[in-house]
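Features of the protein shown, as given by TrEMBL:
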type	residues	note
REPEAT	188-222	repeat 'PPR'
REPEAT	295-329	repeat 'PPR'
REPEAT	330-364	repeat 'PPR'
REPEAT	365-399	repeat 'PPR'
REPEAT	400-434	repeat 'PPR'
REPEAT	435-469	repeat 'PPR'
REPEAT	470-504	repeat 'PPR'
REPEAT	505-539	repeat 'PPR'
REPEAT	540-574	repeat 'PPR'
REPEAT	575-609	repeat 'PPR'
REPEAT	610-644	repeat 'PPR'
REPEAT	645-679	repeat 'PPR'
C-alpha cells in the first residue's frame with residue numbers, strides 16, 4: 001500500500017511545530033561567529049539539540065565534517081533550532097495526510113527569523129540537516145527544519161532534503177516513517193534511491209525489489225550503490241538465489257552501470273552464497289580482466305561454494321591463487337577447503353589440511369575441529385574423533401554443544417545409538433552444557449531406534465533445564481511416535497505444542513495428516529486441513545503427496561485423484577514422489593490398468609519416470625498376472641537408461657512365480673548378478689522357492 005504513488009498534498013509541517021508564543025523573541029543575528037549565548041537554552045532537555053550548531057555531531061562523512069565546520073563559522077543556526085525546540089525536545093511526528101489549513105497570518109518572531117535566513121545558500125542547509133540526522137535523538141528536529149524551510153520557501157531542492165531524511169530514518173530502523181515521509185513529495189530518482197537503500201538496510205528485500213521495478217517503470221535507473229545494498233541484504237538473510245541475482249545483474253548491464261569494486265564483490269559473493277560457484281568464477285574472471293580486485297572474503301566464499309559442490313580440485317586451485325597473491329590464508333579460508341575434503345574425502349586430505357594450518361601458524365577454531373570430527377565419524381573412526389576432542393581441550397578451544405551434536409549424529413547415522421549415553425557422559429565430564437540443537441539430535445536418535453521412553457526422558461530433561469522446545473523438537477517427537485504406531489501420544493504432543501505457544505508449521509501438519517490417514521480418520525484429517533488453512537499455513541507439495549499416499553493405500557482412489565487435480569489448480573506441480581505413491585497404491589491392489597494410466601499422466605506432466613515408479617508398475621502387472629507386460633517394463637528401463645536394481649529383478653521373479661513359470665526364475669536371477677546387482681535375502685528366497693518347486697515337479701514326473 002505504501003508503494004502506491006500518493007496524491008500531491010500540502011508539504012506543511014505538523015501543527016505541533018507552528019504553535020507560537022509572543023513572549024519568545026530571538027534577535028541574535030544568524031550570520032556570525034558562534035558565541036556563548038547558545039548556552040542559555042530555555043531548558044536543559046532541549047539544549048542537546050543545538051549545543052554546537054549548536055552542538056550536533058557532524059555528518060559521518062569526512063568531507064561533510066570539513067564543510068560543516070565552515071558552515072558553523074559563517075552561520076549560526078541556533079536561533080532557528082531554539083525556536084523549533086522552544087517547547088522541549090522535538091519528536092518525529094509524521095502524518096500520512098496533512099489536513100491542517102495554511103496559516104492566514106505569521107507570528108512576527110517567526111517572520112523575522114525567516115527573513116534573517118534568506119541569504120543562507122542551499123548547501124549550508126544540507127549540511128545542517130545531515131548533522132541533525134546523524135543522531136536518532138534529533139531526527140524530529142531535522143524534520144522540523146525541512147518543514148520550516150518548505151513553509152518559507154527558503155531552500156531548494158526539497159527532494160534532496162527529503163532524501164537525506166529518508167536515508168537517516170532507514171539507518172535508524174524507522175522504515176515505516178521513511179515511507180510516510182516519501183509520500184510528502186513526488187518520487188524522484190533521488191528519493192527512490194534513498195527509499196531502496198532504507199529498505200535494504202532494514203532487510204525488507206521485497207519492498208526494495210518492488211521499488212527498483214517501479215523506478216524502472218517510471219523511466220529511472222537505480223543507483224549502483226542500491227544494488228550493492230540489496231545484494232548484501234539478500235546474502236545476510238539467506239534468501240539469495242542464483243536466478244534472482246542473474247536478473248539483477250541483467251538490469252545492471254542493461255542500464256550500463258559501471259561496476260565498482262564493492263558491487264563486483266557483492267555479486268560474486270552473492271552467486272557463491274547462492275550455491276552457484278560457476279557464475280561466481282565467471283564474474284571473478286571478468287572483474288580481474290578489467291583490473292578490479294576481489295576481496296579475501298569474496299575468494300573464501302567461492303572456495304566454500306566450490307567445496308560444498310564437491311569441486312575440491314577447483315577449490316584447491318583458488319586457495320593456491322589466494323596464497324600466491326601474497327595473502328596469508330586465515331582460519332576461514334582453511335575451513336572452507338577443509339569442508340570440501342570432509343564432503344568428498346579421502347580422510348588423509350582433511351588431516352593434512354589441519355596439519356598445514358598448524359605449520360602455517362593458523363590456529364584451528366571450533367569449526368575446524370567440528371569438521372575434522374565429522375570426517376572421522378563418516379569414516380567410522382570414533383576413537384580418532386574423541387582424540388580431536390582432547391586436542392581441542394589442549395589447545396584451549398572449548399568444545400561446544402554443536403561439536404558433540406555432530407559426533408552424536410554420526411553415531412546415529414551408523415546405527416550406533418547406544419553411544420549416545422557415552423557422548424552425554426563425555427560432555428558432562430568437561431562441563432559442556434547441552435543446547436536445544438543437541439537435545440533435538442538426541443531425541444531424533446532415540447526416536448529413530450524406537451527408544452521412545454528415552455526420547456521422552458530427554459524431552460523432560462530439556463524442559464527442566466529451561467530450554468524451550470522449538471518446532472524441530474516437537475516435529476521430531478510427534479513424528480517418531482507416529483512412525484511407531486503411538487498415534488494417541490502423537491496427538492497429545494501436537495496439542496501440547498500449541499498450548500506452549502509453538503505454532504505448528506507445514507511439516508507438523510503433514511505428519512499429523514499422515515497419522516490420521518494411517519488410522520483412516522478421514523473426518524479428523526479434513527478438519528485438520530481446514531485448521532491448517534485458517535492459520536495461514538498453505539498446503540505444500542508434501543501435504544498433497546501425503547494425501548495421495550494415504551488415500552491410495554486405503555483404496556480411496558477418487559479422493560487421491562481429486563488431490564492431484566486440486567494441487568494443479570492452485571499452481572503446484574505434482575512431484576514424482578506423488579505419482580510413485582499413486583502407482584504403488586494401484587499396484588498393491590493389482591489394478592494394473594489404473595497404474596498404467598497414472599504412469600501416462602506422470603509422463604505427460606513432464607516428469608521423468610523414476611526407478612521406484614517403474615518397479616511399482618512391474619509389481620502392478622505381476623499382481624495382475626500379466627508377466628509379459630512386466631518384462632516389457634524391464635525392456636523400457638533398459639532402452640531409456642534406467643538401471644534395474646535388486647527390487648526390479650525380485651519383483652519380476654515374484655511375477656513369474658505367480659503365473660507358475662518357475663523355470664524362468666533362475667534366468668532372471670542370473671541376469672541380476674550379471675548386471676552387477678547383489679542379491680538380497682528376498683531375492684535368494686524367491687530363487688529357492690522356484691528351485692524347490694521345480695525339484696518337486698521333477699520328482700512327481
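Glycine residues also receive a Cβ, built from the backbone N, Cα and C atoms like all the rest.
Unlike curated records, TrEMBL annotations are generated automatically.
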Other same-chain positions with a Cβ less than 8 Å from the repeat 'PPR' (188-222) and lying at least 6 residues past its termini are 3, 159-160, 162-164, 166-167, 169-171, 173, 175, 178-179, 182, 229-230, 232-234, 236-237, 239, 251, 255, 257
Remote residues contacting the repeat 'PPR' (295-329) - C-beta distance under 8 A, at least 6 residues beyond either end: 265, 268-269, 271-273, 275-277, 280-281, 284, 336-341, 343-344, 349, 360, 362
Along the repeat 'PPR' (505-539), what average pLDDT does this model show? 92
Using DSSP, what's the helix, strand and coil tally for the repeat 'PPR' (435-469)? 26 helix, 0 strand, 9 coil
Intrachain neighbours beyond the repeat 'PPR' (575-609), with Cβ under 8 angstroms and 6 or more residues off its ends: 541, 544-545, 548-549, 551-553, 555, 557, 560, 564, 567, 616-617, 619-621, 623-624, 626, 629, 640, 642
What is the three-state DSSP composition of the repeat 'PPR' (400-434), stated as helix, strand and coil residue counts? 26 helix, 0 strand, 9 coil
